[in-house]
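Undergrad: Take a look at what Swiss-Prot says about it:
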{"type": "DISULFID", "residues": "CYS44-CYS63", "note": "disulfide bond"}
{"type": "DISULFID", "residues": "CYS48-CYS65", "note": "disulfide bond"}
{"type": "DISULFID", "residues": "CYS59-CYS76", "note": "disulfide bond"}
{"type": "CARBOHYD", "residues": "ASN47", "note": "N-linked glycosylation site"}
{"type": "SIGNAL", "residues": "1-24", "note": "signal peptide"}
Amino acid sequence: MEVKTFAFLQIAVLIAFSLHSASAGSKQPGAAGSSSDSVEAVFCPTNCTKGTNGAWSGCSDDCICVHVGENTEGSCMKFSGDYDYPTPEA
């Protein structure tokens with residue numbers, strides 16, 4: 001009985017250690033905002049609306065429309081930095 005309990009505890013510790021090691025990774029902490037691939041998002045002064053044809057309008061060329069769920073109104077935002085945001089084809 002003691003051998004089975006001891007073996008079970010060894011396996012449990014091994015699994016816990018393995019999960020922690022896998023999730024911790026090897027990333028070193030850095031200063032806030034020091035990431036080389038950080039993105040800055042700023043609200044533009046305009047809002048956007050969804051038309052009857054399903055197209056969004058109201059944002060300038062350098063801003064995109066962001067909305068929540070099925071809302072037909074949204075806010076325009078401008079992103080700057082290293083990001084790969086897909087542009088919808090018109």
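All residue numbers here begin at 1 and follow the chain in the order shown.
From the backbone N, Cα and C atoms, a Cβ is placed for every residue, glycine too.
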Undergrad: Distance between CYS59 (disulfide bond) and CYS44 (disulfide bond) at the Cα atoms, whole Å?
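TA: CYS59 (disulfide bond) and CYS44 (disulfide bond) have their Cα atoms 8 Å apart.
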Undergrad: Cβ-Cβ under 8 Å from CYS76 (disulfide bond), same chain, 6 or more residues apart: which ones?
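TA: Residues satisfying the criterion: PHE43, CYS44, PRO45, THR46, ASN47, CYS48, GLY58, CYS59, SER60, CYS63, ILE64, CYS65, VAL66.
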Undergrad: Under DSSP, is CYS59 (disulfide bond) helix, strand or coil?
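TA: The three-state answer is coil.
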